[in-house]
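Each remark here refers to the structure printed beneath this line.
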Amino acid sequence: MSTVNVQIGLHELLNGSNAQIQLSVPQLVEKVLMRNEGKLTSTGAVSASTGKYTGRSPKDKFIVKEASVADKIAWGAVNQPISEEHFNKLYTKVLEYLKEKEELFVFKGFAGADRNYRLPIQVINEYAWHNLFVHQLFIRPTEEELTTHESGFTIVSAPNFKADPAVDGTNSEAFIMVSFEKRIVLIGGTEYAGEMKKSIFSIMNFLLPEQDILSMHCSANVGEEGDVALFFGLSGTGKTTLSADPNRKLIGDDEHGWSDNGVFNIEGGCYAKCVNLSHEKEPQIFDAITFGSVLENVIINDQTRIADYNDTTLTENTRAAYPMHAIDNIVLPSVAGHPNTIIFLTADASGVLPPISKLSKEQAMYHFLSGYTSKLAGTERGVTSPQATFSTCFGSPFLPLDASRYAEMLGEKIEKHDAKVFLVNTGWTGGEYGVGKRMNLGYTRAMIQAALNGELAKTETAKHDIFGLEVPLHVPGVPDEVLMPEQTWADKAAYKAKAIELANEFKANFKKFDSVSEDIINLGGPIA
């Protein structure tokens, strides 16, 4: 199937009598309720269930192996190849399936808040609530922009279309396929809305580096003086909590690009976890869940329609999707200058990493590539005790290119813009998980504040004898003994043994990076 034929098929779909294009939020909410796709909550949000797929399905994600990208993609478990033949046949079947639907919902918008680098996108949805989701998550066009909008990538989403693995070359009934040549994302068999968001992020992680822009899985905020901070971290490290600062404006909570102009948000909304959400803990998120917002897999009281954020009957991965303008303390458009401070967050359950360390460029690249944190019991099936986990660049499921490409770009930008990088451990202190305790949030906030306002640039440091990290000896508002992890352990020999054990896990993980320069290994990693 040629690209021309793909466009003809899309044109027919978009011009069919069943295509509802660019409906407003109230219109989409009406459609969701009329079609029994969801319920209205007491705050005016739409609540929907995603069926058996309550999270991303990484084993069902494919990139079409096409001549123009075959030697660029880092093929493997994350980027699984599928043939053009399989894609073309499945794409044709999905289009025929959607043509028969009574209604289809189409959103046209953008990914990328910087107008110089934004990607025009369109999304064709079988479900009205999915279309409401993308309307809130991506960047919405003005009336004028809509008249000249030409899509650079199209998502075709048909959750009720099930693949046949024996015929379609998939691993299950679900599929998420990206064709870079045909500029199509094809999604079926799963109702989880996050697949649409993360597909566009994966695409931007391919397209932006080609323009010398670093794409990043991080949150970002900016201070009153225009100083920009990035927060990288895997689930459970405190990224959302620590980047939501009343004294700083939010640029974005999850996906960003770093160009020669500065930092920009890739999205136009937020996709926040809402397990155990309360107004006391996360007032910004709690208050954003109003009319037009989408709740995913949250249990709602049948009579009062009040959301119970503590009920994880369906999944712990309950989510809320809302536009950026639902939050008060934001920058719009979501662009800012070059980062002054970069924070890598890790929740170290072994309790051996310092609560804050200053990183050299090589150490920053090493820890960026490592993407370390601890998986805690309850976050995944089968995890009963904490396990060291490494997610390359703090976002390995979304990286189509070789990881070293992103790390090299980060190193270049750190050097060019003199960004200060810190590794912050929000995990355990005084012993490992089960013995020690979780790092005091007030102390972590004080350390981050000191990093942001430049106080740590002039403070005295000591080199950690196992990890080689520069550890500040004094931080305002934090007891000195907390800063050196060994001092918080009663059994110093046990500390050393545990630290060496973690250092060896870092080294073992890093062996997979065979294209990384020796400097990063020798100057960036553990020294014992």
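Including glycine, each Cβ sits where the backbone N, Cα and C put it.
Model, not experiment: these values are computed from the prediction.
In this structure, Arg319 (substrate binding site) is part of a beta strand by DSSP. A sphere of 10 angstroms centred on the C-beta of Arg319 (substrate binding site) encloses 24 other C-beta atoms. The substrate binding site annotation in Swiss-Prot covers Arg56, Tyr192, Lys198, Arg319.
Marked as ATP binding site by Swiss-Prot on the basis of sequence analysis: Lys198, His217, Gly233, Leu234, Ser235, Gly236, Thr237, Gly238, Lys239, Thr240, Thr241, Glu282, Arg319, Thr444. In the shown protein chains, 24 other C-beta atoms lie within 10 A of the C-beta of Gly233 (ATP binding site).
Residues or ranges marked as Mn(2+) binding site by Swiss-Prot: Lys198, His217, Asp254. Within 10 Å of the Cβ of Asp254 (Mn(2+) binding site) there are 24 other Cβ atoms, across all protein chains. When secondary structure is read from DSSP and collapsed to three states, Asp254 (Mn(2+) binding site) falls in the coil class.
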Greatest Cα separation in angstrom, residues Lys198, His217, Gly233, Leu234, Ser235, Gly236, Thr237, Gly238, Lys239, Thr240, Thr241, Glu282, Arg319, Thr444 binding ATP per the record, works out to 29
Taking every protein chain in this structure into account, which of the binding-site residues Arg56, Lys198, His217, Lys239 has the most other Cβ atoms within 10 Å of its Cβ?
His217
Close in space, distant in sequence - Tyr192 (substrate binding site), Cβ under 8 Å, 6 or more apart:
Thr50, Tyr53, Thr54, Gly55, Arg56, Ser57, Glu296
Taking the recorded substrate site as Arg56, Tyr192, Lys198, Arg319, identify the other residues of that chain whose CB atom sits within 8 Å of the mean position of the site's CB atoms, giving them in sequence order.
Gly55, Ala193, Gly194, Glu195, Lys197, Tyr271, Asn317
With Gly233 (ATP binding site) as reference and a Cα-Cα limit of 10 Å, the qualifying binding-site residues from Lys198, His217, Arg319 are His217
According to DSSP, Thr241 (ATP binding site) sits in helix
List the binding-site residues among Lys198, Asp254, Arg319 whose C-alpha is within 10 Å of the C-alpha of Lys239 (ATP binding site), in sequence order, or say none.
Asp254
Most crowded position, judged by CB atoms within 10 A, among Ser235, Thr237, Thr241 as binding-site residues:
Thr237
